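**Q** So TrEMBL lists the following for this protein:
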type	residues	note
DOMAIN	D:36-324	domain 'Dihydroorotate dehydrogenase catalytic'
BINDING	D:Ser48, D:Lys72, D:Ser73, D:Asn157, D:Lys197, D:Ile223, D:Gly249, D:Gly281, D:Gly282, D:Gly303, D:Thr304	FMN binding site
BINDING	D:Lys72, D:Asn96, D:Ser97, D:Ile98, D:Gly99, D:Leu100, D:Asn157, D:Asn224, D:Thr225	substrate binding site
ACT_SITE	D:Cys160	active site, nucleophile
Amino acid sequence: MTGRDTGVCQATARVAGNAPAAAYRHLTLDAPGIAQLAQPGQFVALTVGGPTSALLLRRSFSIHRVDPAAGTVEIVVSDAGPGTAWITRLDDGESVDIVGPLGRGFTLPDAPGAAVLIGGGYGSAPMFWLANVLRENGFAIHHVLGAASADRLFGAELADPADELIVTTDDGSQGERGWVSDPLPGLLERTGAKAVYACGPMGMLRAVTEIATAHGARAEVAVEEAMACGIGVCMTCVLPVVGADGVTRMSRSCVDGPIFDATTVRWDAVAGGRVAVPADCLGAPR
Amino acid sequence: MTGRDTGVCQATARVAGNAPAAAYRHLTLDAPGIAQLAQPGQFVALTVGGPTSALLLRRSFSIHRVDPAAGTVEIVVSDAGPGTAWITRLDDGESVDIVGPLGRGFTLPDAPGAAVLIGGGYGSAPMFWLANVLRENGFAIHHVLGAASADRLFGAELADPADELIVTTDDGSQGERGWVSDPLPGLLERTGAKAVYACGPMGMLRAVTEIATAHGARAEVAVEEAMACGIGVCMTCVLPVVGADGVTRMSRSCVDGPIFDATTVRWDAVAGGRVAVPADCLGAPR
Amino acid sequence: MSVDWSTSDVAGDDVPAVDLTTVDVTGVDLTADLGPNLQLPNPLMTASGCAANGKELHRFGDVAQLGAFVTKSVKRDPQSGRGTPRMAETPSGMLNSIGLQGPGIDAFVEHDLPWLKSVGARAIVSIAGASSGEFAEVARRLVAAPDFDAVAAIEVNISCPNVANRGLVFACDPASSTGVLRLVAPEVPSGIPLLAKLTPDVTDIVPIAEAALAGGAHGLTMINTLLGIHIDTERMRPHLFGTTGGLSGPAIRPVAVRAIWQVHAAMRAGRIPAAPIVGVGGVRTGQDALELTLAGASAIQVGTAIFNDPSAPWRVARELRDLLGQRGIPRYRDLVGAAHQN
Amino acid sequence: MSVDWSTSDVAGDDVPAVDLTTVDVTGVDLTADLGPNLQLPNPLMTASGCAANGKELHRFGDVAQLGAFVTKSVKRDPQSGRGTPRMAETPSGMLNSIGLQGPGIDAFVEHDLPWLKSVGARAIVSIAGASSGEFAEVARRLVAAPDFDAVAAIEVNISCPNVANRGLVFACDPASSTGVLRLVAPEVPSGIPLLAKLTPDVTDIVPIAEAALAGGAHGLTMINTLLGIHIDTERMRPHLFGTTGGLSGPAIRPVAVRAIWQVHAAMRAGRIPAAPIVGVGGVRTGQDALELTLAGASAIQVGTAIFNDPSAPWRVARELRDLLGQRGIPRYRDLVGAAHQN
Ligand SMILES: Cc1cc2nc3c(=O)[nH]c(=O)nc-3n(C[C@H](O)[C@H](O)[C@H](O)COP(=O)(O)OP(=O)(O)OC[C@H]3O[C@@H](n4cnc5c(N)ncnc54)[C@H](O)[C@@H]3O)c2cc1C
Ligand SMILES: Cc1cc2nc3c(=O)[nH]c(=O)nc-3n(C[C@H](O)[C@H](O)[C@H](O)COP(=O)(O)OP(=O)(O)OC[C@H]3O[C@@H](n4cnc5c(N)ncnc54)[C@H](O)[C@@H]3O)c2cc1C
Ligand SMILES: Cc1cc2nc3c(=O)[nH]c(=O)nc-3n(C[C@H](O)[C@H](O)[C@H](O)COP(=O)(O)O)c2cc1C
Ligand SMILES: Cc1cc2nc3c(=O)[nH]c(=O)nc-3n(C[C@H](O)[C@H](O)[C@H](O)COP(=O)(O)O)c2cc1C
Ligand code: FES
Ligand code: FES
């Protein structure tokens, strides 16, 4: 319905593929408008269950990759609750309402060098596309993929042979036993990488931020806050973020994110599945 | 879950067939418990849309026929709104929660003779099964099928060749032009039938009642009141019905019906899609 | 015309088990504690008006296995109820406008109560009236019933219109709420708990809860339906014969949880006397029952969900037990109001 | 770090048409009549807080084509709002607990209002405050804005807590409702209608409507959200950071229709002065908009449905027009309250 003008499309997408991928489903959707516009790190939002559904809100998914020529958008979906259960069961040929691309994607450092891309669980979904773009721009890519167990790892086979690939699992069922953040200090020292990209749970992002900062690297993180609208109108998806002026604001992760410069996120406010308003935030209750 | 003891089953039925039939869908459901218990005139109630559906209430359908050996129950569904839209789109192999058989079926006259069976639109669905049972009990069957137009007629081809078949359509696109009640006086006079069975809209049932009564025939009618539960617990499906004691009560059409002795229904209370409480009804507001 | 093919008559004693005991490998203690005079083997009840008086639902599960069976609200005299349509489906809910159709207390005592007793159900009898005097009269006749020993508690449905007060619902006004309970309490032997059933359609439910307890209620049932209207856009008139109806079902669950939370919080804070709360509103699954419990309910009623699934009350009990079992929580009653601590 | 690949910046003027004019073969007059000072080309508006201040939604449709664009409620100072989670999905609805996050009236006047003016939107500015004085102050600064000529009306969101009255929502109390309007009205030039936005969480909404009109409101917006709670059963604590939230979406539509019906009925009966009602609550389709209209609303806001379908306000307008066209109804405004006649 909308075109390049506004940078966003709403469309009824046909499901062109739904295949298993580790513990997840890898969906391919016909959405040419979105395929043409999207950049790595952006996401799409899908409705759930058709017109008689009791689930009103869209579900958000990182874009795994797009094929502008074929007009397809791919996502990797974990069956985590009733909404994703419905989406993972979509059959080829069925259709689903999709809005995208949404949010700000990853940004590219000015000067090439080594880049470390870290994905936890399905958080690795956007990383291979990002790797391609970085590689085309002269970066050397080092992937770190982690998950609780081997079945929750996504995409190890998608890494380019030219790239380094490190795999970790909490239970040691594949790769090194431990967290994705464990190999990070050594990797940053060894490669001298100054660009780090991470997508995964909050705890992981925070750890990555601390390690990257300690090594003088700049990290960009993809956050996953619960979103009612995904398009910037509801204010549910906020996170305290420090602006260029040094002031902390409750920023919408759907339009100001989901990719944030890691050091601007007020990790101190994040705890136990909740995010508090820091006392020094603009407009904090007195 | 429940068996013969209680005369009713709740089951997850597999869809074994979904074929077009005039403007309707003819669904075959695997529900052996119900297939064994059901009698003509009873109905089943289906849930709509699965666990995330916003449509909470079951939809009711007359049983078209059952095959106790195959364990199947057949219904004929008109796509009339969101619930039936979902049901008519069920694919083979999908499943749906079903409760039945519900309500009281048609009753059989003591002495055989001619019987007139009248169906309006999908109201003819239960009539061919009823015809079979009546025929086995020595009755001569005269069908009258009517609808607004040819595409809304159901089952003309299902009538036994031994039976008489009269078809009417409001627009004359098939059979005689006019209402199902038009040929009735002549038919009753010609056949001397003392047993009339009718299923269809309220206006038709009322007309049938008046004509049958005027000809000294006893009519049984299948009413279609909006039902929240279908099992007798909610009191939404009531109709004023005169009891054996001459007292009018608001009777539940899901357990005391849907088949009623036509003369016991207080047709005077039915008007314009509403049913009032007659002033002489037991417990009527004063 | 004597052959009746119908098999839909309700069953006698020979009831198929949606058995709560057979599947119990969890060792969870589901006992519900609703005060010294009301201890139930499990917290699941039917909601008044959503299970008639038991016979019909007994075809889908043994009503004696429920924590309690709550009857349709009964008034003094037979009630025809309203004309139809009496219901409208709404998103994740429904509106009903039955008008308390029922046989009246004498017929209830003659037919329904003996049946409930015969199957061994713990009956909670819901009573209603158009005046506080009528409530008291209904209670008096109930207490005088030969089968009164089958009655585990009386639910006083004060969420119905008070003719003396321009049809304002009793539970919309603290004084009327106290008034009904004051007249009912002396009619009822001590040892029979009185549960006052409240409407959410008030500016502040806490003073109403307080007023009902002050009048003599031993516990509270929350919530009754919310007032709603559906317009038939084809005919351009209200869809329900009675214009307004009561909104129920999962749609209203957040309102039920809120009402329970507010009243339980006021009890914890000592602002009103502590008393057990029976939670009702939109419960469809064991998880929903757990939600109301964590907000402060000591027992749970299932209403509209029965229309979707006639075996819902038993299923919810099983799901609740399994949920606790999976999480290693040994006693249901320890969870009452637990969300107020975290 | 200077290359920004993002293309999700909002558009300028070059907006794709979800065009309300191109499809018009019906000849239906959709004009909405909200009194002498508020005539709109069509009755569809955004609901406050569900469309931010326009820029973001303008990517999905031209906000100038809406009957009006209603802004997020703005207070005097910048507001951080609450912590997260700020939302919970509920059956056919959602709970939100944003806490009126916003830039404050000065930043609104500097950035948002000029933008709304630049695209030609008819702005209805929603104002809020923790005291009646704050409401008046916000109104004063708004009226002083250079771009005040873009303001078609002011919506006074009295469904927010009054710090001076133990945090009781203004619109829960007739006196507080009158009080806010009394202070706001003198700040606003005549010719700019004031719409008071009411909460359904009251025992009787009619006296509140009356009180708001007595204070100087020219019309009423009904309804705001219902108070609700969702408990996280895993963590056994309230899911929302702010504990309680506002329930919205199709789930509450029957309550919205009822509130509109009651107030419109009181106006028809002359019990309270007649004034236009803007209907809001659970509208998702043209048929829903028609339902609220038949109950008594002269214009319609779309809120939560936007989260499901960002083009909902325009789609609903089209559906409404087509519905009227199919039925041969020439003028939308003839249908306002029509269900009261049948
Ligand atoms: C920017 C972004 C990108 C995402 N990318 C992916 C992806 O690539 N693959 C994938 O499998 N999942 C992804 N998610 C998470 C996914 O959106 C949730 O798992 C999903 O919304 C859960 O819905 P549900 O109905 O299955 O679960 P429920 O828990 O029943 O959902 C209830 C509500 O909470 C919200 N919610 C629940 N969990 C999450 C969550 N983790 N994040 C955000 N909202 C949540 C839902 O949207 C819904 O509104 C992403 C989320 C965001 C915000
Ligand atoms: C005993 C009985 C037997 C029936 N047999 C058949 C049949 O064989 N074939 C068939 O196609 N239909 C039959 N119906 C009607 C069928 O149940 C309705 O068409 C269906 O419920 C409409 O649901 P909907 O969601 O499509 O429409 P909607 O109009 O959106 O339904 C909204 C609500 O109103 C109720 N409702 C709407 N129309 C009717 C109606 N005509 N009767 C009862 N409730 C209604 C629905 O159940 C639902 O609760 C029967 C109804 C009853 C009571
Ligand atoms: C059809 C119907 C009839 C009801 N009748 C009564 C009644 O007679 N007495 C009463 O106290 N509550 C009655 N209720 C309210 C329910 O007991 C319950 O409080 C309400 O429906 C909310 O619970 P639910 O969402 O689980 O249905 C009725 C509800 C419905 C849907
Ligand atoms: C996320 C969200 C934020 C809201 N913020 C406001 C607000 O700032 N001011 C206001 O008056 N109403 C606010 N509302 C209420 C809506 O304007 C509307 O009255 C309510 O949601 C019912 O309509 P709906 O069901 O169409 O959403 C908000 C609602 C939601 C869902
Ligand atoms: S999800 Fe609505 S503003 Fe971000
Ligand atoms: S449909 Fe519930 S009693 Fe008949």
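Glycine is treated like the rest: Cβ placed from N, Cα and C.
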**Q** Going along the chain, which residues six or more apart from D:Cys160 (active site, nucleophile) have their CB under 8 A from its CB?
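**A** D:Ser73, D:Leu100, D:Ala128, D:Gly129, D:Ala130, D:Val169, D:Phe170 - these are the non-local Cβ neighbours of D:Cys160 (active site, nucleophile), listed in sequence order.
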**Q** According to DSSP, does D:Lys197 (FMN binding site) fall in a helix, a strand, or coil?
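**A** Reduced to three states, the DSSP call for D:Lys197 (FMN binding site) is strand.
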**Q** I need the CA-to-CA distance for D:Gly249 (FMN binding site) versus D:Thr225 (substrate binding site), whole Å please.
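**A** Distance (Cα to Cα, whole Å): 9 Å.
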**Q** Which of the binding-site residues D:Ser48, D:Ser73, D:Ser97, D:Thr225, D:Thr304 have a Cβ lying under 8 Å from any Cβ of chain A?
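**A** Of D:Ser48, D:Ser73, D:Ser97, D:Thr225, D:Thr304, the entries that lie near chain A are D:Thr304.
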**Q** Counting only residues 6+ apart in the same chain, whose Cβ is under 8 Å from the Cβ of D:Ser97 (substrate binding site)?
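**A** Expected: D:Arg82, D:Arg86, D:Met87, D:Leu240, D:Phe241, D:Gly242, D:Thr243, D:Thr244, D:Gly245, D:Gly246.
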**Q** Taking Cβ distances under 8 Å as the criterion, give the subset of the binding-site residues D:Ser48, D:Lys197, D:Gly282 near chain C, ordered by sequence.
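**A** Correct list, in sequence order: D:Gly282.
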**Q** Taking the residues D:Ser48, D:Lys72, D:Ser73, D:Asn157, D:Lys197, D:Ile223, D:Gly249, D:Gly281, D:Gly282, D:Gly303, D:Thr304, which the record names as binding FMN, find the longest CA to CA distance and state it in Å to the nearest whole number.
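**A** Across D:Ser48, D:Lys72, D:Ser73, D:Asn157, D:Lys197, D:Ile223, D:Gly249, D:Gly281, D:Gly282, D:Gly303, D:Thr304, the two farthest Cα atoms sit 19 Å apart.
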**Q** Just to verify a number: CA distance, D:Ser48 (FMN binding site) to D:Thr225 (substrate binding site), in angstrom, no decimals.
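**A** About 11 Å separate the Cα atoms of these two residues.
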**Q** Max CA to CA distance in Å over the substrate-binding set D:Lys72, D:Asn96, D:Ser97, D:Ile98, D:Gly99, D:Leu100, D:Asn157, D:Asn224, D:Thr225?
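**A** Spelled out: the longest distance between any two Cα atoms in D:Lys72, D:Asn96, D:Ser97, D:Ile98, D:Gly99, D:Leu100, D:Asn157, D:Asn224, D:Thr225 is 16 Å.
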**Q** Going by Cα-Cα distance, pick out whichever of the binding-site residues D:Lys72, D:Gly99, D:Asn157, D:Thr225 is nearest to D:Lys197 (FMN binding site).
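**A** Going through D:Lys72, D:Gly99, D:Asn157, D:Thr225 one by one, the Cα closest to that of D:Lys197 (FMN binding site) is D:Asn157.
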**Q** How does the model score the domain 'Dihydroorotate dehydrogenase catalytic' (D:36-324) in terms of mean pLDDT?
**A** 97
**Q** Give the subset of the recorded positions D:Ser97, D:Gly99, D:Cys160 lying near ligand 4, defined as CB under 6 A from any of its atoms.
**A** none
**Q** Write down the Cα-Cα distance for D:Asn157 (substrate binding site) and D:Thr304 (FMN binding site), rounded and given in Å.
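**A** That comes out at 17 Å between the alpha carbons.
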**Q** Excluding D:Lys72, D:Asn96, D:Ser97, D:Ile98, D:Gly99, D:Leu100, D:Asn157, D:Asn224, D:Thr225 themselves, which residues in that chain have a Cβ inside 8 Å of the centre of the Cβ atoms defining the substrate site?
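**A** Going along the sequence, the neighbours appear as D:Gly49, D:Ser73, D:Cys160, D:Gly246.
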**Q** State the count of C-beta atoms found within 10 angstroms of the C-beta of D:Gly99 (substrate binding site), not counting that atom itself.
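**A** There are 20 of them.
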**Q** Need the DSSP three-state call for D:Thr225 (substrate binding site) to compare against my parser.
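**A** Its secondary structure by DSSP: coil.
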